[in-house]
């Protein structure tokens, strides 16, 4: 039916009945919102979910003020995959073990908050730390000195502990850290920061229990990870596999903390444009 004849048909209906067809009510709109909510919930539970980085424990790979998407499917699904808490049974569906070197998001074993660290040890692995160097299954992880890491000081970057403030161009300052490259068995390489001798540099050998992983922050001396027993709001201890939420995927936004909500132009000047789109 062409447009013209369709219009004539509608006019005839108005003449015959004295009023136009009834419009769809609020029920249809509410049903649309319900379906939209279900699609968003399914996407966040099964595909990707957004997370923000609130600290510097994963420097230099992740910065305070980064916003990223995490893939939800790599390790299977559990009640912790949902964006809210439900009293569902324990365990995972389509479960899979992470690879060494994966950056994982997980629920803290005690307080349930979201944390992000790097997997170093898998179930059954022997883990130790000697003078700051991880020892995996009795062999020190290859560690190579790199050029120092520099990050400009900003609202999201301090230099209160472990780094040295150095001048930059235009009167700005940066924080300088000692940096190493570590390479795990299998070839996975990543960068870590080292402040020198700290309590976490010595960790006696332990065997990672079944159903658990051993995680560490890349900012080794500014991370409360599996080197300490789990405590609410603090260290995470061994991380149960069913607490894994997803694997870090890509940085979608990053800010240095200089933006103000009531000054939209600062949203642009505060953005770390070079970080947007970085895969993890």
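Every residue number used here counts from 1 along the chain in the order it is shown.
Cβ atoms are placed via backbone N, Cα and C, with glycine included.
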Seminar exercise, completed: transmembrane segment per TrEMBL, picked from 29-53, 54-78, is residues 29-53
Exercise. Taking a Cβ cut-off under 8 Å, which residues six or more beyond the ends of the transmembrane segment (29-53) line up next to it in the same chain?
Worked result: 62-73, 77, 81-83, 105, 114, 116, 245-246, 248-249, 252
Problem set entry | Cα separation, residue 117 (active site) to residue 57 (active site) (Å, whole number) | 8
